[in-house]
Amino acid sequence: MSADTDAVRADNSDLPQSLTEIIADFAETEPGERLQVLLEFASDLPDLPARYSDHPELLEQVPECQSPIFLVTEVENPEKGGESIVKLHFSAPPEAPTTRGFAGILHEGLDGQSAEVVLSIPADLPLRLSMTDIVSPLRLRGMSGMLSRIQRQTSERIGKITGN
């Protein structure tokens, strides 16, 4: 690990390790190759489970995205005293690889995290990915829209679980 990588990790100590590693990967990648890394996240995005692909009305659209993307957040209700675990599902068309890539980053970084961790992710996450020189601010705004919906849905679902 280089000193730069250590600095990136230290600057992102408010994030879970999964997101810190993603941010470090982008920071370590030459600017001209970052788009390829984003496309790898796009290809790694899991398909929707049948319970959602058969019922797309259960997903929420993210209108900030230039492409039609939909998402749904589940919060698994653990045994008494345990953490609530967040599961993320996205529907993003293959012909929208940038948007799919952002969804893939959020899936890899947040799926399986506790609700507390998901709710603590700062809104500037998209700006930490070292992509401001390769994607437009409008596209980064789409990723921010995905994150805000994930956090809102998580908060709503926790309220239902705890009865608040």
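Any Cβ shown, glycine's included, is placed from N, Cα and C.
As written in TrEMBL, here are the features:
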| type | residues | note |
| --- | --- | --- |
| DOMAIN | 25-153 | domain 'Fe-S metabolism associated' |
Subject >> Helix, strand and coil residues within the domain 'Fe-S metabolism associated' (25-153) as assigned by DSSP >> reply: 66 helix, 17 strand, 46 coil
Subject >> Rounded mean pLDDT for the residues that make up the domain 'Fe-S metabolism associated' (25-153) >> reply: 94
